[in-house]
Amino acid sequence: FSFRKLWAFTGPGFLMSIAYLDPGNIESDLQSGAVAGFKLLWVLMLATIIGLLLQRLAARLGVVTGLHLAEVCNRQYQKVPRIILWLMVELAIIGSDMQEVIGSAIAINLLSVGKIPLWGGVLITIADTFVFLFLDKYGLRKLEAFFGFLITIMALTFGYEYITVKPDQKKLLQGLFIPYCQNCGTPQLEQAVGIVGAVIMPHNMYLHSALVKSRQVNRANKREVREANKYFFIESCIALFVSFIINIFVVTVFAEAFFEKTNADVNTVCVNASSPHSSLFPNNNETLEVDIYKGGVVLGCYFGPAALYIWAIGILAAGQSSTMTGTYSGQFVMEGFLNLRWSRFARVLLTRSIAITPTLLVAIFQDVEHLTGMNDFLNVLMSLQLPFALIPVLTFTSLPSVMNDFANGL
């Protein structure tokens with residue numbers, strides 16, 4: 001083992017792990033904490049472990065074959081299934097892009113104390129994409145470092161909330177290692193399914209299989225291939241462990257502070273704190289429902305304005321960092337399935353336009369409730385798209401004709 005070699009292979013896994021920290025994930029985390037307390041932490045851990053195993057297979061496919069998943073699909077499948085697969089993956093990418101736009105718009109609105117309306121935040125997210133394209137010109141290694149910086153911001157901001165709230169460590173460990181959900185019903189089951197859809201992103205497997213190609217490996221040398229597989233797996237373990245810890249921060253904060261709270265409880269605290277958002281919580285005994293927007297407001301009411309702004313910075317980092325992963329995924333998928341080589345500028349313009357149109361309409365003509373409600377729908381969409389990535393990656397990595405001596409026997 002060599003730390004120097006590990007450093008040389010470090011990058012693709014962290015770029016891939018950003019999909020485990022997008023606004024859809026954060027929304028799912030805070031809702032599962034508020035609805036089920038600490039009881040669904042084991043689902044989050046199980047989904048992350050399954051995600052790691054799938055990412056390992058995707059990375060192995062790219063290292064061994066020198067082709068990413070979309071290119072292998074293009075070679076192995078007939079025209080009709082190939083086009084169906086491409087459309088399904090594109091749908092997942094657009095859905096993920098919408099979540100990034102929603103999260104960024106809400107964060108900008110919170111940071112500006114409502115002075116920038118939600119539709120204004122949506123429009124700002126058009127510009128930020130092209131900033132990342134500009135950074136891309138300086139090379140993938142520098143881009144990987146920048147996204148590492150954004151992950152650090154998320155760890156610090158959500159870690160701050162964790163330290164401020166001080167969740168019960170015994171309940172945290174019970175929730176992680178006891179796969180049981182006492183007194184759970186339909187709402188908790190919905191959250192459990194939402195966690196799986198939010199954590200395991202279908203287009204992420206296409207992305208990871210392509211990113212590993214950025215490192216030079218002599219595929220004629222089995223020892224080098226085996227070594228690359230080992231270091232990419234170690235890096236993926238570290239990256240997903242970091243993302244798992246950040247997700248735990250969010251779940252436990254809302255589990256400790258807001259599980260089984262009523263609207264009246266929160267309304268009283270927000271009124272006493274002179275919060276301008278206290279009207280979001282009607283003075284009744286219904287169970288508190290939170291989303292990315294309300295979550296920030298509630299943290300601000302209970303733990304001071306600093307908690308609200310730090311929360312918004314974390315959400316903004318999550319939304320911004322996810323933007324480029326969607327852009328890269330779209331690029332690789334289009335090139336692989338259709339042999340179409342568009343410039344990244346044209347590619348981003350197309351997907352971002354499709355993602356922004358419905359989001360902008362909801363932001364203008366509806367309210368923040370409907371905007372955050374779209375996140376729940378999009379998490380369900382991700383769950384439905386999952387088989388269209390799982391079947392190809394599981395099939396190809398077990399075929400000796402594709403993987404040679406590195407086929408996955410299990």
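Yeah, the Cβs are placed from backbone N, Cα and C, and that goes for glycine too.
Owing to the predicted nature of the structure, the values given are computational and were not obtained by experimental measurement.
The transmembrane segment feature in TrEMBL is assigned to 31-54, 84-110, 116-134, 146-163, 192-211, 232-255, 297-318, 345-365, 377-396.
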Interface check, the transmembrane segment (232-255) with the transmembrane segment (31-54), three or more C-beta pairs under 8 A: yes
Other parts of the chain folded back onto the transmembrane segment (297-318), taken as Cβ under 8 Å at six or more residues beyond its ends: 21-23, 25-26, 103-104, 106-108, 110-111, 150-151, 153-154, 157-158, 160-161, 164-165, 253, 257-258, 266, 269-270, 273, 275, 277-278, 280, 288, 290
Contact ranking winner - 31-54, 84-110, 116-134, 192-211, 345-365 against the transmembrane segment (377-396), Cβ under 8 Å: 192-211
